[in-house]
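Asks: My structure is below; once you've seen it, I'll send some questions.
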């Protein structure tokens with residue numbers, strides 16, 4: 001079991017590095033031979049969707065820790081908050097600082113106004129900035145319709161829109177924990193969870209029928225429910241690889257995900273289910289068909305390589321902090337390029353990769369891990385959420401004793 005989950009840690013690292021590179025390439029003056037690299041790395045949304053699949057898979061392991069303890073749902077949500085909120089708060093403060101220091105685009109006149117770079121980096125603070133800050137503080141920025149708050153999902157910390165989706169999923173997972181208890185990871189519990197998410201996904205299809213200004217943002221859970229369902233179905237398969245029912249559940253969920261994510265009208269939608277199938281095979285290459293077994297062994301070695309495991313451990317910090325760090329670099333380096341894109345590229349491309357990795361490493365070791373361990377200890381403590389008597393009450397009762 002440990003070996004198979006090692007590959008998942010490596011997958012996290014691969015996805016985080018992919019997003020980092022994808023957010024760097026649009027700012028570089030690449031030679032013609034590498035012109036297609038931007039298109040290759042432009043599927044950041046698919047990478048985030050794979051993170052959702054991973055979240056659906058690993059969250060059940062987290063739920064099991066609390067299923068036998070009193071107040072399991074409150075403990076689970078406390079542990080998740082300790083895992084996500086501290087790094088998010090730090091990244092949000094860093095993003096606010098970077099926005100306050102100015103707009104990097106006037107010094108980068110070589111970038112076309114409608115290009116990918118403008119989709120990645122905002123030019124400055126949005127209108128109604130206080131409302132945007134409040135939306136980010138409440139993790140609603142990826143959910144609000146444009147009629148309520150335009151461009152809320154990308155206005156301050158673009159990558160953080162997915163945290164809105166994660167917290168909606170955690171609320172649903174907490175409800176499942178309260179309803180099923182330990183049985184949530186049983187075959188019946190998994191089926192109920194997968195079915196609920198698929199039904200939510202069908203509900204999400206109706207979002208496109210609303211007027212554009214009233215459509216929920218991309219973080220609306222029903223629009224991403226297929227991916228969480230795929231991760232939950234895969235949990236049973238990883239626990240019981242020889243279980244026919246687990247295989248059937250994964251196959252049915254894969255099929256439903258492909259159909260309802262719009263593969264017929266958008267062929268790129270098949271990237272996520274296909275990539276996940278490959279990851280599942282690579283995590284246990286000895287069970288792969290003999291024709292592809294060698295390739296699966298290679299894939300397993302890649303996903304468990306030291307560099308990807310290292311990146312995987314700090315993938316969350318890297319995912320959230322790389323955008324403001326790169327913006328600060330642009331503010332520093334772009335004016336010094338004197339309008340020369342090639343000169344800017346030479347000075348930017350190395351630090352744009354190395355500095356976010358360094359910042360993420362420091363944040364992971366000095367902030368994320370200590371707070372996470374503390375919240376885990378609090379969430380699993382026997383006296384957590386237990387009401388304690390007031391000191392005056394205990395003194396009164398003690399005084400009445402002979």
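For all residues, glycine too, the Cβ spot is worked out from N, Cα and C.
In TrEMBL, annotation is done automatically, which means it is predicted and not curated.
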Asks: Under TrEMBL, the annotation transmembrane segment belongs to which of these stretches: 46-63, 64-81, 118-135?
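Replies: Of the candidate stretches, TrEMBL labels 46-63 as transmembrane segment.
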Asks: So if I exclude everything within five residues of the ends of the transmembrane segment (84-102), which remaining residues of that chain have a CB under 8 angstroms from its CBs? That is, six or more out.
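Replies: Result: 122, 124-125, 133, 136-137, 156-157, 160, 163, 166-167, 316-317, 320-321, 323-325, 327-328, 331, 363, 367-368, 371-372.
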Asks: With CB pairs under 8 Å as the measure, which of the listed stretches 189-207, 219-238, 245-263, 341-363 comes out on top against the transmembrane segment (46-63)?
Replies: 219-238
Asks: For the transmembrane segment (156-177), which partner among 189-207, 219-238, 245-263 gives the most CB pairs under 8 Å?
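Replies: The stretch with the most contacts is 219-238.
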Asks: Would you kindly list the residues that approach the transmembrane segment (189-207) from elsewhere in its chain, counting only those six or more residues past its ends and only Cβ-Cβ distances under 8 Å?
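Replies: Same-chain contacts beyond the flanks: 56, 60, 172, 176, 180, 183, 215-216, 220-226, 228-229, 232-233, 235-236, 249, 253, 256, 260.
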Asks: Do any residues of this chain, six or more beyond the ends of the transmembrane segment (245-263), have a C-beta under 8 angstroms from a C-beta of it, and if so which?
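Replies: Here the qualifying positions are 187, 190-191, 194, 198, 201-202, 205, 226-227, 229-230, 233-234, 236-237, 239, 269-270, 272-273, 276-277, 280.
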